[in-house]
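Trainee: One structure coming up, written as structure tokens, with questions to follow.
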């Protein structure tokens, strides 16, 4: 396994649809206050704001844990235990210079390396075209995380979407609405980043959850989504620009039959950790189980 990514959870073959997933929101699933108090988080945030005054804080869902139901059991197959966190807390924990120490201290104090970390839950998509290519984007060098690297479409589900005009509280966030936001957010990210019409996208299937070890184990839920457009049609939509076009500088495609061998190619080193997690889960859950001997991935030329 690539050291930049670890798998927290792998869904059953094919992936799980929305109706097979439950979410439990509780303050018990929030991060623990830092051992020396949270003043360090405030100091980091204020320093970042001075250097980047355009930054703004926003609430995020925090993944505490996830449990699959026993094989063959009826009802929902996956339970997500979620708390609330924020972008500010992410910068002050997962992205702080003391992140490794916080993980060690969490293991010592609570038996959980993530106990003191914000761990905002992200989403990503293995997006397949009608002519059997997966879609990749080259991240802009202006973005804060993984600038210039190759990614899959993705982002974050937003608690604020379920509480417009208010401050999200655990008791106000019904589990099924949270699951719906999780699934709809990955579709919205595809629409915004690749500029695709929503009606061209299938309902997502959850492949699993991967941790980004370069940001102290921040988790991302990775999905499989099919698009009814060909790769060339997707390229044309992307080129016409979308709401988040500034976040990437180019689009390219890898044949799905060759994705199994992606780890053995030079392209793998260009993938950001979240994209690596998405591809590993795609290969294990949705991709060809045979992993037939294939050559290097056939790429449609990048822009």
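From the backbone N, Cα and C atoms, a Cβ is placed for every residue, glycine too.
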Trainee: Pick from 127-147, 148-168, 169-189: which range does Swiss-Prot record as region 'Disordered'?
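Mentor: Going through 127-147, 148-168, 169-189 one by one, Swiss-Prot flags 148-168 as region 'Disordered'.
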Trainee: Determine the mean pLDDT over the domain 'Nudix hydrolase' (118-285), rounding to the nearest whole number.
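Mentor: Result for the domain 'Nudix hydrolase' (118-285): average pLDDT 94.
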Trainee: What same-chain residues, at least 6 away in sequence, bring their CB to under 8 Å of the CB of residue 189 (Mg(2+) binding site)?
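Mentor: Listed in sequence order: 123, 125, 153, 154, 155, 244.
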Trainee: Please report the DSSP secondary structure of residue 158 (substrate binding site), reduced to three states.
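Mentor: Once the DSSP labels are grouped into three classes, residue 158 (substrate binding site) ends up as coil.
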Trainee: Which one of these binding-site residues has the most other Cβ atoms within 10 Å of its own Cβ: 56, 87?
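Mentor: The residue with the densest Cβ neighbourhood is 87.
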